[in-house]
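K.L.:
The structure is given below, and queries will be raised subsequently.
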Amino acid sequence: MPKRTDIRKVLVIGSGPIVIGQAVEFDYSGTQAIKALRDEGVEVVLLNSNPATVMTDPEFAHRTYIEPITVEAAERILASERPDSLLPTMGGQTALNLAKALAEQGILEKYGVRLIGASLDAINKAEDRQLFKAAMQKIGVALPKSGYATTLDQAMSLVEDIGFPAIIRPSFTLGGTGGGIAYNREEFETICRSGLKASPTTTILVEESVLGWKEYELEVVRDTADNVIIVCSIENLDPMGVHTGDSITVAPAQTLTDREYQRMRQASLAIIREIGVETGGSNIQFGINPKDGRMVVIEMNPRVSRSSALASKATGYPIAKIAAKLALGYTLDELRNDITRDTPASFEPTLDYVVVKVPRFNFEKFPHADRTLTTSMRSVGEVMAIGRTFPEAYMKALRSMELGRVGLESPELPAEKEEREKVLREALRIPRPERPWFVAQAFREGMTVEDVHALSAIDPWFLRYIQMLVNEAQSLQEYGRLDQLPDEVLRQAKAHGFSDKYLGRLLGYPAEEVRAHRHARNIRPVYKRVDTCAAEFEAYTPYLYSTYEEEDEAPPTDRQKVLILGSGPIRIGQGIEFDYACVHAAFALREAGYETVMVNCNPETVSTDYDTSDRLYFEPLTIEDVLEVSQREKPVGAIVQFGGQTPLRISVPLEKAGLPILGTSPDAIDRAEDRERFAALIEKLGLKQPENGVARSHAEAFKVAERIGYPVMVRPSYVLGGRAMETVYDVASLERYMREAVSASPEHPVLIDRFLKEAIEVDLDLVADRTGAVMIGGVLEHIQEAGVHSGDAAATLPPHSLSPDLVERMKDQAIALARELGVVGLMNVQFAIQGKTIYILEVNPRASRTVPFISKATGVAMAKIAALCMVGKTLKELGVTQEPEFKHVAVKESVFPFARFAGVDVILGPEMKSTGEVMGLANDYASAFAKSQLAAGVKLPKSGKVFISVKDDDKPAVVDLARRLRSMGFSLVVTSGTHTYLATKGIEAQVVQKVTEGRPNIVDKIVDGEIVLVINTTFGKQEIADSFSIRRESLMHSVPYYTTVQAARMAVGALESLKCTELEVKPLQEYLGINAAPPGTRR
C-alpha cells in the first residue's frame, strides 16, 4: 500500500527531560523518525522541552517548539500550526499520555488532527491495565492472577485473595514509577498509596507474584496490511521481579526451546492485532515459569521504547525509522533495509552474534537509598556489547561500565567464614547492582550451579558460562608468567572477552606488557559487521564489533579519518549533553570531507546510530579497545574533549601509545585538572580563586580546613558531576567525610576550598582556534547561589542580575585562560562573584554540559565549530568571530530523580543529582522561568497558602516576596521567627509549628494539601537536618519548593507573569531568525 496522500504536516511529541525510565533512547528514536518523515516530504513540527537533544536542533524539524509538554502548550501549537496528524509513539510515556489527554479533551477533534502510529483505542487498551487484561482474556492469552483498584480499600481486599508477595503496577506510568513488590500488609499499603498517586488515572493493578520466573521481551512491528515481524527476542538474565530496565539482558534469547519461542511468537502476533497497533513497533513482555513452562504476558508498550532502541542497535534494524514510515501508510515489503539495500523491511533480522546489555546505576549519589532492585526502575543508563558468544559479550559489557572493574574480580566480603557465607548468600538472593560479581565469587568459594540457581533464580545456562569464566581465570593465574602462557590459551581467553588489563591483573603484569606480548604473538581482533542477515547478503554500512576469529569483514578505507570517542553509559554528571557534542563533531567533520570513525558502547544514543558517522565501532571505551581500532583505522587524530570524563581519562595513555590527540593537548587538560598546576596558572595570570589547599592525608585535611575556616567545600581530584563533593560545616563533619567518602593519598589528594557564602555562580563557554582567536558562546548566571553543583543549578542566558562591567571582566579572564592553556576547541569556565570580586572556581578545557543549551539558545553550533577548529580551521575562516547576539531569554532548569529514591534529601549541594534538563524560552525572564518550571513538571499555583521559613540572613530579602505574594491573593503561613520579623514590616501571616516544636506542624499541613508553595532556606548541618521532612513531603505531594531566595524571587516573578498574561508559544526558528516552512497553511 503506497504512502497516504492525506498526511502532509505532522506534530511529533518528544519525551522531554531525561528521567529514570525515559532516557536518551527517545532522542535517538525521535531523530530517526523526523529524518524519515522529512525524507518523505512531510512537514514536521516538533514539541520537546529538552534542549540537550539532537532532535531539537533547528535543522531537524521544520518548526521546533522547545516548550513545556503540557496540554495548554500543545493546544496553542495545534492552533497556530494546524498539522493534520500527530505522531505520539516516539516520545515515550510522556508523549502517549499527552496524546491521550488531547484526544480525550476533544482538542484533536477541534483542530481536525488525527493520531497516527497508534490509535487512542490501542493506547488505552495497552496502557490501561484493566482494558489490557480484558483484551488478553478475549484472545485466550494468560496473565498473572490480578485485580484492579482505584482506592486503598479495594487494593486491600484484592490482596486477601492474591496473597503475598504481591506486585503493584500503576497504570499509565513510566519505568514502573510508584510500583513495587510488597511482602506484607504494611509494605503493601505504602506502595499502593504511592502507586495510586503516581497513576494519572488513579488505578493500580495488584498482581500475583511471578518472582523468579524467566522474563523475555519481543520487539514486534506491524503494518496496515497486517504483516507482522519479530525484530528481536530479548532475554533477561535477572529473573522476574527486577524491572527490565534494571536487568542484564541478552539478545537473541538464549534459553527458550523452539516450541516456547513459537508459542511466544504466536501470542505476540495475536496481542498486537487485538490491541490494534497497526503502524509501528511494540514491545511485549512475557514471563515463563521454569518449573512447568506456564507462560504469561506481563505488559506491552504500544510505542517505541527503551527495548526497541536496544533491539535496533542489537540487530541493525532501525525500528523508529520504519515505524515512522509505516505511520505514513507504507507496508513493510515496500520499505528497503538500509544496511543491505537489497532486502525488504519485512525480512526478520537474523543474528550470528550475541548482544549483552548491562544497566548503569548511580546509587553512590544517594547513599541513604535502598539498593534493592524491584519493579520500579532505578538505573540511569546502560552499556551494550557484542561478541560471538555469550561469555565474550558479557565480559566486554562488564568492562564497558567504567566501574573500575575490568573483569569478574572478587567483591569485598568479611574474612570470618560464617559471616562471609551469610553475606554471600544474601547478595545472591537479593538483586542489587553488584550481584554479577557475587555470582562469580560464589563459584570461587566452591558453590555449584544448582546452589547459585536456587538462591538467585538465574537460569543455569548463564551460570554455567559464568562458572566457566571463573575457572578459566583461575587456570590462567596458575601459569604465573606471560611467557609461560601458550598462544592458544591466550587466544581463547581473548575470545572469551578477557581484557589485557584483566589478564595483567591475573598474571601480575601491566596491561601494556600483555598487549605488547599479544601483538608479538600476532593475536589481534578482527572486526565483524552488524548486518541484520547473518552475512547472507552484502552489508553497506560499516557497523562493527571486535572478536578473536580468523575472518575480517570490513577492511578500512584509505580516506583521511578522525576518530571520535563517545561518552559511554549515561550517568548523573555525564549525560546526553556529551553525546550531543560527539554527534555534532561527526556531522561537522563529515561535511568537511573527513571519514568519521565513532567508538562508543551506549545503545541509547544518536552517536551509535548506524548513519551518524561513516564507521561505527560498538566497543568498550578502554585503552585497549580504542587502540585496536586506531591502529587499524590510522586516523589523523582522535577527539577526546567531547565525551566527558570517559575519553579524557584515557587520553594520556592513548597519546603515549602513538594516537595523536586533536585540539587542546592532554598536558593543557592536566594543567586545568591538577589542583597545584591550576593554582600556579591562576597566579601567573594574576587572577583569583577561593582560598584552598590540597590534603594528602587525614591530618593535612584538618590543618587546611582550620587555616581556611569553616564551612569548607571538600572533594576528590579529577571527578565529574561533583562525585563525593560536600559542604562541611565543622570538624566532626570533616572527620566523617574523610572516613566515609574518600581515602586521601598522595596519588588521590582531597581538595579543600573556602565556601563562598552569598556568591553568584556563572558558567561561560567558549571556542578557541589554533591562532588564539576566541569566540564566547554565552554567559549563564546561576539562579541558586554558589555551592550548588552547576549541573543542578537553574540558570539564565543572558545573565539576569550582573552588571555589564562584571560580565566583560569575566570574558577577558576566560580569554586569557584559553590562550595561556593553548585551548583549541571548547572550554568552560566556572566563576563565583562575591560583591565585585571575581573568583575562578574551575576551568574545563572540554565540552561542558551547557554547550547544547547555549547552542540552542543562540543558534550557534558550538560543538561543530569546535570540531572544525580541532582539524585546523580558524574562526575567521568559519566566519564566527563575534559573540552571538539575541533578544530573547533562555532559562535552564534541572530535573531530579528524588521520587524514585525513598528517604533521600532533596536539598541541592555540590554533588550533582539531576538526570536531565529543560529549557524555558521567552522574551522576558519571568515568562522564561515560568516555562522552565512547567517544563520540569512543577505545578505553579494560582492561589492558596504559601509557607515561608528562612534563615536570618534571608529575612530582609523575603519581605518584598511576601508583599508580592499577598498582593496576588496568596495567604502566608510562617514559622514563629519569620512571623515576628514580617510583623515588624506590617505583613500579615498565620503561624505554624516547626517539625521540632510538636504537632500539628508544617509537615502535617503539606500532607493535608493545605500548602501550595514552599520557600524554605537553611544553613548549617542541624538546620538542614531539621527541615528534611518539609522538603521530602513537598516533593512527594507535588508542592513546588524553593530552597534559595534567588530561586524564590524568580518563582514569584513567574507567578506574576502567569497572572497577567498567557504564555505564548513560538518556534525556536523564529527566536533565532531562521527561515522555516511557513506556518499555519496545509499544503
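Each position is counted from 1, following the chain as shown.
The backbone N, Cα and C atoms fix where each Cβ goes, and this holds for glycine too.
OK, Swiss-Prot features for this one:
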type	residues	note
BINDING	Arg129, Arg169, Gly175, Gly176, Glu208, Val210, Glu215, Gly241, Val242, His243, Gln285, Glu299	ATP 1 binding site
DOMAIN	133-328	domain 'ATP-grasp 1'
BINDING	Gln285, Glu299	Mn(2+) 1 binding site
BINDING	Gln285, Glu299	Mg(2+) 1 binding site
BINDING	Glu299, Asn301	Mg(2+) 2 binding site
BINDING	Glu299, Asn301	Mn(2+) 2 binding site
DOMAIN	679-871	domain 'ATP-grasp 2'
BINDING	Arg715, Arg754, Leu756, Glu761, Gly787, Val788, His789, Ser790, Gln830, Glu842	ATP 2 binding site
BINDING	Gln830, Glu842	Mg(2+) 3 binding site
BINDING	Gln830, Glu842	Mn(2+) 3 binding site
BINDING	Glu842, Asn844	Mn(2+) 4 binding site
BINDING	Glu842, Asn844	Mg(2+) 4 binding site
DOMAIN	938-1078	domain 'MGS-like'
REGION	938-1083	region 'Allosteric domain'
K.L.:
Can you give me the Cα-Cα distance between Val242 (ATP 1 binding site) and Glu299 (Mn(2+) 1 binding site) in Å, rounded to a whole number?
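P.N.:
Between the alpha carbons of Val242 (ATP 1 binding site) and Glu299 (Mn(2+) 1 binding site) there are 14 Å.
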K.L.:
Under DSSP, is Gly787 (ATP 2 binding site) part of a helix or a strand, or is it coil?
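P.N.:
Assignment for Gly787 (ATP 2 binding site) reads coil.
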K.L.:
Measuring CA to CA, name the entry from the binding-site residues Glu208, Gln285, Glu299, Asn301 that ends up nearest His789 (ATP 2 binding site).
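P.N.:
Nearest candidate: Asn301.
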K.L.:
For a quick check of packing: other C-beta atoms within 10 Å of the C-beta of Arg129 (ATP 1 binding site), how many?
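P.N.:
Result for Arg129 (ATP 1 binding site): 24 other Cβ atoms within 10 Å.
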K.L.:
Rounded to the nearest angstrom, how far is the Cα of Glu299 (Mn(2+) 1 binding site) from the Cα of Leu756 (ATP 2 binding site)?
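P.N.:
Answer for this pair: 51 Å between alpha carbons.
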K.L.:
Most Cβ neighbours within 10 Å: which of the binding-site residues Val242, Leu756 is it?
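P.N.:
Result for the most crowded candidate: Val242.
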K.L.:
Anything within 10 Å of Asn301 (Mg(2+) 2 binding site)? Look among the binding-site residues Glu208, Gln285, Gly787, comparing CA atoms, and list what you find.
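P.N.:
Checking Cα-Cα distances against Asn301 (Mg(2+) 2 binding site), the binding-site residues within 10 Å turn out to be Gln285.
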K.L.:
I'd like to know which of the binding-site residues Glu299, Arg715, Gly787, Gln830, Glu842, Asn844 sit within 10 A of Arg129 (ATP 1 binding site) at the Cα level.
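P.N.:
The binding-site residues close to Arg129 (ATP 1 binding site) (Cα within 10 Å), listed in sequence order, are Glu299.
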K.L.:
Do you know the DSSP helix, strand and coil residue counts for the region 'Allosteric domain' (938-1083)?
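P.N.:
The breakdown for the region 'Allosteric domain' (938-1083) reads 70 helix, 21 strand, 55 coil.
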K.L.:
Whole-number answer please: how many Å between the C-alpha atoms of Gln830 (ATP 2 binding site) and Glu842 (Mg(2+) 3 binding site)?
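P.N.:
Answer for this pair: 5 Å between alpha carbons.
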K.L.:
Looking at the domain 'ATP-grasp 2' (679-871) alone, can you tell me the average pLDDT?
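P.N.:
Taking every residue in the domain 'ATP-grasp 2' (679-871) and averaging pLDDT yields 89.
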K.L.:
Among Arg715, Arg754, Leu756, Glu761, Gly787, Val788, His789, Ser790, Gln830, Glu842, listed as contacts of ATP 2, what is the widest Cα spread in Å, to the nearest whole number?
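P.N.:
Across Arg715, Arg754, Leu756, Glu761, Gly787, Val788, His789, Ser790, Gln830, Glu842, the two farthest Cα atoms sit 18 Å apart.
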